[in-house]
Amino acid sequence: MASTAAGSWLRMTRPELAVFVSGVTSMGLEILAGRMVAPEFGSSIYTWGSIIGVFLAALSLGYHRGGQQAEQASNGALARVFIGTAAYIAGVILLGDLFIQSTAGLPVPSRFASLPAITLLFGPPTYFLGFISPYAAELSGRTDVGSASGHVYAVGTVGSIIGAFATTYVLIPSLSVTNIGLVFGLVSVVTALALVRPEIGREEAVWSVGIAAVLVLASATGGVGLDSRGSTVYHTQTAYQELRVADAGGTRTLYLDGQPHSAMDLDDPTRHVFDYTSYFHVPFLLSDDIDRVLFVGGGGFTGPRVFLEKYPNVTVDVVELDPEVVDAAEEYFRVEESPRLNVHTMDGRQYLRETNRTY
């Protein structure tokens, strides 16, 4: 019985394939939205609440409208939904940064600041994907409404589960935001073609090839935006955040999710660029026998580096969660190996629970 059930899952009908891919894509886009808006709006509970709310609202509207038009359902109609979704994803890749920066200055309360950008960028494609489930239920051929809807929900949810895990554990650690968008756009195009094969009409073929080309072009150009952070020296998406190193006016700054975390004067690396870092030295005014200090969070290692140079009898422990932040600090912020510098790549809370040292 188990093998029969597994086999039935593997032998998907075209409507079932559409539902499955829509689940993968909608959940993947939802997670991608968080990474895309974080550099401008952060990743607070308000940002994630806006993302979840917009996706649920868009899907709900899509379900409702798709249900009203379900009598028009066909494999061709499903294909057109995916083509429309892919086209919008191409626009998100190309103009997403510009939209985000343009909406960041809108006069709305700070907790709602991310809502306009999320709605504009991810509301429409998610709305399109909402049409898939009622169309698929109509095409399922099942006379029992409960059986048809239950099966559609099950297939779509399995797709969402796979989309969540694949995006989180495979795509984000491996690809940039634009390339992840490219993946979902191309998946939508390929699905559209699969839904109408072997009778692929000229119109479907032209639209599919054209949108695929736009997706690749948008991904290659990296999108259009206005970057006021200076000349980018290095940029990547780590497993935890967007990381950017930029030079401006003789200062090199490390940005994590769009926020400045460390800065170094390229001509005088020991100068405190951010005023607050001067307060790192206050404990030395209160005690003259400090021989070991701990930094929870390394950033660009500007603080630890100054301590190593200023206090020759002090050993510095640094705990940094993101290994790519450590790599960037070594490469771009002149962090050199030292017997007095110990770097621990782990969660700071875990380190404090496990260490026997006192600071």
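Keep in mind that glycine also has a Cβ here, set from the backbone N, Cα and C atoms.
Taken from TrEMBL, the feature transmembrane segment applies to 17-38 (among others). Remote same-chain residues near the transmembrane segment (17-38) are listed as 47-48, 51-52, 55, 59, 78, 81-82, 85, 89, 92, 96, 100, 114, 117-118, 121-122, 125-126, 129, 132-133, 135-136, 152, 155-164, 166-168, 171-172, 177, 180-181, 184, 187-188, 191, 194-195, 237, 241-242, 257-258 (criterion: CB distance under 8 Å, separation of at least six residues from the stretch ends).
Summarising the annotation, TrEMBL assigns transmembrane segment to 45-65 (among others).
Taken from TrEMBL, the feature transmembrane segment covers 77-100 (among others). Note on the transmembrane segment (77-100): residues 14-15, 18, 21, 25, 29, 36-37, 40-41, 117, 120-122, 124-125, 128-129, 131-132, 135-136, 139, 178, 181-182, 184-186, 188-189, 191-193, 195-196, 204, 207-208, 211-212, 214-215, 218-219, 221, 223-226 of its chain, located 6 or more positions outside it, place their CB under 8 angstroms from a CB of the stretch.
Summarising the annotation, TrEMBL assigns transmembrane segment to 112-132 (among others).
Annotation source TrEMBL lists transmembrane segment at 152-172 (among others).
Under the heading transmembrane segment, TrEMBL lists 179-200 (among others).
What TrEMBL lists as transmembrane segment is 206-226 (among others).
The domain 'PABS' annotation in TrEMBL covers 213-359. Mean pLDDT, taken over the domain 'PABS' (213-359), works out to 88 on the 0 to 100 scale.
Secondary structure of the domain 'PABS' (213-359) per DSSP (helix as H, G, I; strand as E, B; remaining residues coil): 46 helix, 41 strand, 60 coil. Sequence-distant contacts of the transmembrane segment (179-200), counting only residues of its own chain at least 6 positions beyond either end whose CB sits under 8 Å from a CB of the stretch, comprise 14, 17-18, 21, 24-25, 28-29, 32, 75-76, 78-80, 82-83, 85-86, 89-90, 92-93, 96, 167, 171-172, 208, 211-212, 215-216, 218-219.
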